[in-house]
Every structure is written in C-alpha cells, then in structure tokens.
C-alpha cells in the first residue's frame, strides 16, 4: 500500500518538476526563473525523502537537509544579486 | 688513498675559498691550493699503478633501483687529463693571486675556479655515462660563472651567455647520444661500453650516435662552425682564459672524442667528419689569428686552430695519429697556458692588450719577454721545443693516411699551410709585442711583474723545453698508458725523438717556417685584403639569432595560447577528441555484455530536466545571469541523481560545491558585462564550435555507455572489504579519503591552500569597475541588508554549524566527513556576509582565514607525523573503541584528527576565496603590503 502511495507521489513530484522546468525556460522574467529554481530545490527535497521512504533507509535524510539549508543560501544570494548587484558588501 | 677524493677535495676547496673570503690574498690562495695539491699527490701516487696497466676504480651505489651509480675510474687517458687539470690549475691559482686586483672578490673567484676544476675532474674520471654528462654540464655552468666573473661588464655577460648557450646545446645533443649508447650497449657503465668492441659501430643507430656525440664534442672544443663562443669568452679574467682554453674546458671535447675513440672511431663516417671539421678549424683559426690586434684574441684563435689540429689527428686513420693527438693535448696545454699568463702579465703591467700600441716591450720586461718568446716558438713549432715534436708527428701522420681516397694528398698540403700560418701569427706575437719600435700611447710604463707572478710561466716554459729535448723520458710512459685507453687492442711501438733524419716531415716543417716568415713579411697586403671584408661581431650575430628564436617561439606560443579561455578549451577538446576517437573506432560495438537496467519514469524525467537545462545554458550563455540559473538546475539534478544511484557522499559534496560555485559566479558576475553580444562571431566559427562540441559530446557519451555496459573489475572491492578492519570506518569513501589515500588528500588540501593564497595575492590591490545599475538600467535597491534576510540567516547559522558538526563526526562510518562539513560551515558563514555585511561580521570577531588554513594543514601534517612516534610510516592510522558512562561505546581514530585538518583547511580556503572576492567592493578589501588602496 505504502509503496503504491510513494509511486504516485513520486510521479506527481516529477510532474511538478517538469512544470518548474517549463516556467524556468519560459520565464518571462528573471524572478520567475529564480522562483522556478527554488521550487525545484523544494521538489527535489521531496523526491529524496520519498526515495528514502521507498528504500526504508535514513541515509538520504542528510541530502534533503542539505538541500533545504543550502538551497535557501543560493536562492537568497541570487535575490540579493538582483537587489544590489553586490552580494557581499 | 681512495680515488673518490680526487674530485671531492677541490669541491671541499670551493667551500674553503668561500670561508676564507675575508683573509689576506695570500692566505686565500694558499687555502684554495692546498686541497687540489693533496688531490694531485693522490693522483701521482696512483700513477705507477695506472702505468703498469691496472685501472683503479671506485663505485658507490646511488639509486640502485634505477641502476644509477657514482663511479670513478683512473685509466691512462684520465691520468693524463687529471695531471693537466690539477697541475695547471694549481699554477693558475698562484698566478691569480697576483693578477686579481683589490676590488675583485677573490673568494668568489677561487670558489668558481675550484668548482670548475671539480667538474673537469668529474668529466675525465667518470666511469658512468650519465655521471659523465652531469659533470659535463657542470663545466658549462661553472665556466659561465668564471667567464662572467666581471659581471659589471656587458661583454663578459654576453660572452658567458654565448658560451653557455652553445656548449649547453651541445651538452643536450651529447646526452641524447650517451643515452643511445647506453641503450645499444645495455649498460651505462663506461667499462662495459668500452669493452663492447664494434657493437656500436655495427648498430643501425651508429650514424645518429656519432653525430650527437660529436656535436657535444665540437661545441665544447670550439670546432668550426661552433667556434665563435671561444673568442667571446676572452672577456674573462686572464687566469680563467689560461685555464679554460689550455688544459680544461675546450679540452673536454677532445677528451670526449678520445674517451669513445675505441668504440666509435673505426669507421669511414667518423674519419670523414672528424678530420674535415678538424682541418677546417685548423685553417680558419690560424688564418683569423693572424689578423687579431688583441693579444688574447690572437691566442684565442690560435687555440681554436690547435684544437682543430688535435681533432684532425683524431680523425686520421693511421696507427699513431691518436697518440700524436694526445701528445699535442699536453704540449698545447703547456705552452698555451704560459702564453695566456704572459699576455696577462703584459696586460697587467702595461695596461693594454692592443698589439698596435704594444711595441718594443723587450726593453721593459726582458725576462717575461724571453719566457713568452720560448712559449711562442713552441706554438710555432720550432725545433727543441715540445710544440715541434707533436707538429712533426702530425706532418708525418698526414703523409700516410687515406681518409679522402684519391684526394688525400690535400691534407699534408693544407696542414703545411696551417703550419705556416701558425709560424706567422707566432712571429707577429713576438715581433709586434717585444720589438718593432717603441710602445704607442700606453697609460703606464711597462715593467716586470712581481716575482711570483712569473713562477707559473717559468715552470711551464721549462716543461716546454724539457719535453722538447727529452720527450721519451718525460712523457713516453704516460703516452703509452694513454694509448692503452685509446687502443685497447694493443699500442703500436713508437718512440718520440727530436731527430728522425732528413725526411719529408722535416721538409714540411722547414717549408712551414719559411712560408710563415714570408707571410709575416708580406702581412701588409694581407691586412689590406682582410680589411675589405665587413667584419661581423659574433656577439651581435649571436644575440640577433637568439632574439629571432625567442620571437619565433613567442609567435608560436601566441598562436597556441593567446590568453583566451575559448582557445584553451578548443585545444583541450581537440586533443581529447583525437586521443579518444582512435581507440574507440577500434571497438566494434558500443554496447557491452552487461544487462541494461530498466528505464524508470523518474530517471527519464531527471534526464529530460538535465538535457533541457544544459541546452538552455548553452543557448543562454550570452545572458549570464540566466545561464547561471539554468546551470544550477543541472547541478541540482546531478546531486539528486547521485542520491538516486546510491552515492550519498557524492550527493552531499556535489550539493555543497554547487552552492559555493553559484556564490562565486555571482560575486564575479558583478564586475563583468551582463550581456555579451554574439554579433561579432562569424557564422564559420559558430559552425566550427558546434561541430567540435557535438563531436566531444558524442564521443564522451559513447565512451560512458561502453564503460557502463561492460563488466569492469576495479580495486574498489579491496576498499569495501578492508574499510572496517583496516581503517576502522564503515564509510568506504571517507576511509579512502582520510586513510587509504590519506597522502593524496594531504596533497590536495595543500594545493587548495596554495590556490587560495594565490587568489588572495591576485585580488590584493585590485580595483574594479563597479556598475551603478543593473542590466536593464534600473538603479540598485537602497536597502543593502534587508531585515528579513538578516534574521533568517542569523538563525540559520547555529543550525548549519550543528549540521556540519554532525556530518563531520559521523563521517567515518556514514556519509559525510571533513570536506563536506567544511563546505557547509564555510557556506553558512558566507551567508552571514551576504545577509549582514562585512562590517557586521568584522564587529563580531575578525575571522583570519589564513589561520584556518595554517592550522588545518598543521593538524593534518601532525596527525601524519604522529605515526612516526610509533615507528610506523607517515599517515598510518590508528583506531580503538572506548566506553564512557552516559555516552556508551565510541570510537577514536587518528584519522579523525586528519579529517579535522581537512575540515579547517576547506573552511579557510573557501572563505578566503569567496569572502575576499566579496570584500573587493568594501574598504576591507585585500591590500598589498606597503601600499594604500
């Protein structure tokens, strides 16, 4: 039962990622694309957690944790770049 | 005494001279002379053994694994050269004591001279080919220091450079030749080579070997057309000239030919090459010497001519020619050294070397003049002197050779012409300097030199006379011993005597003297004719040649490497395509024997994501920020793919590297143009680049597919099996990094540290253009540090540090480790710089990044060295399990200390690069010491 749920969820997350890709390519603005990238980060957290559930291991948890933590850093850095150009000042 | 001391003592003397640098001149000369004198004593004590036919040898293993040895051998040939090098060297030391002025640094002079002496002794005594070459190069280097001794003079520097370049180039050819000899014979041991008989001469590589070895010999011995460096080397102090150009440097080339005479010489190629070059050099040198107004210039060209004479003798295929050559080596060394010394005395005591000014010096320095006249007569080949004997032998040998078939009769004729020229220039030396009226415009009145300055000349001139009158008694036995080295099959009977009766050689001598006198009397016509040539300064010609060479090299380099990254990438890709495509054409099918795993939807979706993002990156590459966003997608998908295919360590590393890279790009992007126009690209270039990119992609893709579908046996199973038992960790990746391959990791973090210091240095003092608006021309936001970002980032820091500590600690057994933990910490700190600013960070404790690096490297190094305390090799790891109340069972491993070093170095290096790049726009930017920015 659970594996079926995981399968369906994985498919949905995959679909969401493809939609993100669509937004990333189409734009039209740079902010749309940055948001798309950030959403891709979040989706991949979900994907990795699902993978860990599927295999029944906690090994992948740190991967998800790192994406959650560092994905924020890169998104905020790009946002700061749009705002000020100079990200460390 | 042991033979090894012969080259070793002068080397120690080199140190003694440097240490005695402040003492009075006489003490210094004595100090410099004492050790070579002992060496000479050793050689003399060994001489009877050599004369009786056994050759003392010493051999030490140096690098046994490479069959490299330190090996010296004293045979007859080496004995003769060793006696000359040490004997004349000692006289030069005494002479230089009086020659050098107070302003000259005598310590440096003696040290260079003794270093050179060591090198020469090494060349003649070496019993190993590579070792011989090493000392050969050392003669080039040390003679460079001697020739450029007066380094404030431009001609000394140029002359030294020229000598170094020409003899050094010859040395490279010689190395190639010696390696070929070693390969052909199968041993680099000289005795094996010399015992190989006709093995080399019958090998198909023989012509190449001969040409390469002779190139080395000819450049060193200043044979035509490589002779031009020798006259330029006359810029050296005269003691140097009298040493380098009589007994040593130039004789090294002769020695080389003699050394390999037994195995290389007995062919037509050798005889034709050597005799032709020797004959040409003999004539060119003698002819040019006649027109030199400079005393040392005359002697220089006469040296070239005499070297040609010796070479010619080595190239004549008669029984006694090589004996005559060696005899002339001794004679020339003796009279030429004394002549150079006499020229130095004249220069020293009259202030000029110009023969147009120097006249009638006999009245001022009768004693020196007499000595010089005897030596010059020996150079001309006047009977009862040593020069006469060897020249007579040359005449005799030239009569019964058949080197050039039916044209062989030309050799005796040309040799007689050479003899006449020698008589003419010797006559000029004597007549122009000591007679012929009064001196013209000399700065000081010439007078006799100090008593002991003349002693070396006296000794040498007495030797000229002694050898000239009693040749068999003085050098007969030595020549037999030398002959045994040159002709191992057996030395023919010979006797050197001053009277052979009335015969053709005597007639040739007579004709040469007569012709020489006639030439000298008619010199006015010859000078007039010679004046019609436009003289080319060899120094200028040489410099021109070198500069042309450098320019050519530079233009080739500019074509290959014009500083553009695209050009590098182009060459690298082309090379990779060329290297990979050829073997891949030979693989019939890309698909191997392994079963292909089934395609699932997630992998397909991920691949689609990656492909689309990659194509988008390529297409958007001119809009840099967009390209950065799309390439981030590629990095993210790769990280997830690593996790998906069960490589969590790689996934973690890839993620943290990805983020650090994005920050680096953003920092650099600020200073770069935001959009690049593609209009300047020609359509041809676009098609070319697309073609290359497609080819590279296709090849790498096929290669990966072929690799993955084949069973592949790697060493990874070893690591998997031994990680727990050998390294005390279950995370194989981490155990490999900190234990099995710890030394590699140590090298890597050292490189990382050096790179970050290099980047710091590059950034120091840089001021860059700061754009005032974004790419669409909108002004930047006023809010430099948004409050929300500050708050979130600050609360992120403890969390991130906790995660990194966790990842660090569990790294040995589960995914993680010092490298990933270091990156996480660095990124968390960088985020504080981004959100709060440099000033805010500085107020809360100034982070000295370089200390992180230093401590990191130190801890890693110390944890490696620690294993020495337990008498284990560097970086042997240790681990054990302990119990503590509350905590329970836990493991301690020395690899953890090493990992801590990695952790700190990574933090320091990453921060040093990113934060310093960020600080460029602030007042905290890296500065150069002593400069305000």
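Each residue, glycine too, has its Cβ placed from N, Cα and C.
Curation plays no part in TrEMBL annotations; they are all automatic predictions.
Among the features that TrEMBL reports, transmembrane segment is placed at B:6-23 (among others).
Sequence annotations record features per position, and here TrEMBL assigns transmembrane segment to B:30-48 (among others). For the transmembrane segment (B:30-48), the list of distant contacts is 1, 3, 5-7, 9-10, 12-13, 16-17, 20, 23, 56, 74, 79, 82-83, 86-87, 89-90, 93-94, 110, 113-114, 117, 121: same-chain residues at least six beyond its ends, Cβ to Cβ under 8 Å.
If you look up TrEMBL, you'll see B:65-110 marked as domain 'NADH-Ubiquinone oxidoreductase (complex I) chain 5 N-terminal'.
The transmembrane segment annotation in TrEMBL covers B:68-96 (among others). Same-chain residues lying 6+ beyond the ends of the transmembrane segment (B:68-96) with a Cβ under 8 Å from its Cβ atoms: 3-4, 6-7, 10, 29, 32-33, 36-37, 39-40, 43-44, 46-47, 50-51, 55-62, 106, 109-110, 113, 117, 120-121, 124-128, 130-131, 189-191, 237, 239, 242-243, 246-248, 251, 255, 258-259, 326, 329-330, 333-334, 337, 341, 344, 452-453, 455-457, 459-460, 478, 480-486.
Summarising the annotation, TrEMBL assigns domain 'NADH:quinone oxidoreductase/Mrp antiporter transmembrane' to B:126-401.
Annotation source TrEMBL lists transmembrane segment at B:298-316 (among others). Cβ atoms under 8 Å from those of the transmembrane segment (B:298-316) belong to residues 218, 221-224, 227, 230-231, 233-234, 241, 245-246, 250, 253-254, 257-258, 261, 265, 270-286, 288-290, 292, 322, 324-325, 328-329, 332, 336, 339-340, 343, 355, 379, 391, 394, 397-398, 401, 403, 411, 415, 418, 421-422, 425-426, 428-429 of the same chain, restricted to positions at least 6 beyond its ends.
What TrEMBL records for B:367-389 (among others) is transmembrane segment.
TrEMBL lists B:409-427 (among others) with the feature transmembrane segment.
Annotation source TrEMBL lists transmembrane segment at B:601-620 (among others). Same-chain residues lying 6 or more positions outside the transmembrane segment (B:601-620) and placing a CB less than 8 Å from one of its CB atoms are 626-627, 630-631, 633-634, 637-638, 640-641, 644, 693.
The domain 'MrpA C-terminal/MbhD' feature in TrEMBL is assigned to B:609-674. In this model, the domain 'MrpA C-terminal/MbhD' (B:609-674) carries an average pLDDT of 89.
According to TrEMBL, the transmembrane segment annotation covers B:625-645 (among others).
Positions annotated as transmembrane segment by TrEMBL: B:651-672 (among others). For the transmembrane segment (B:651-672), the list of distant contacts is 624-625, 628, 632, 635-636, 638-640, 642-643, 768-771, 807, 815-816, 819-820, 823-824, 826-827, 830, 834, 910, 913-914, 917-918, 920-921: same-chain residues at least six beyond its ends, Cβ to Cβ under 8 Å.
Shown for the domain 'MrpA C-terminal/MbhE' (B:685-775): DSSP residue counts in helix, strand and coil, namely 67 helix, 1 strand, 23 coil. What TrEMBL records for B:685-775 is domain 'MrpA C-terminal/MbhE'.
Residues or ranges marked as transmembrane segment by TrEMBL: B:692-708 (among others).
Marked as domain 'Na+/H+ antiporter MnhB subunit-related protein' by TrEMBL: B:789-911.
Per TrEMBL, transmembrane segment is recorded for B:791-809 (among others).
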Closest-packing stretch to the transmembrane segment (B:815-839), where packing means Cβ pairs under 8 Å, from B:625-645, B:692-708, B:791-809: B:791-809
Apart from its near flanks, which chain residues at least 6 from the ends of the transmembrane segment (B:409-427) lie with a Cβ under 8 angstroms of it? 275, 279, 282-283, 286-287, 289-290, 298, 301-302, 305, 308-309, 312, 316, 376-377, 379-381, 391, 394-395, 398-399, 401, 403, 508-509, 511-517, 519-520, 523
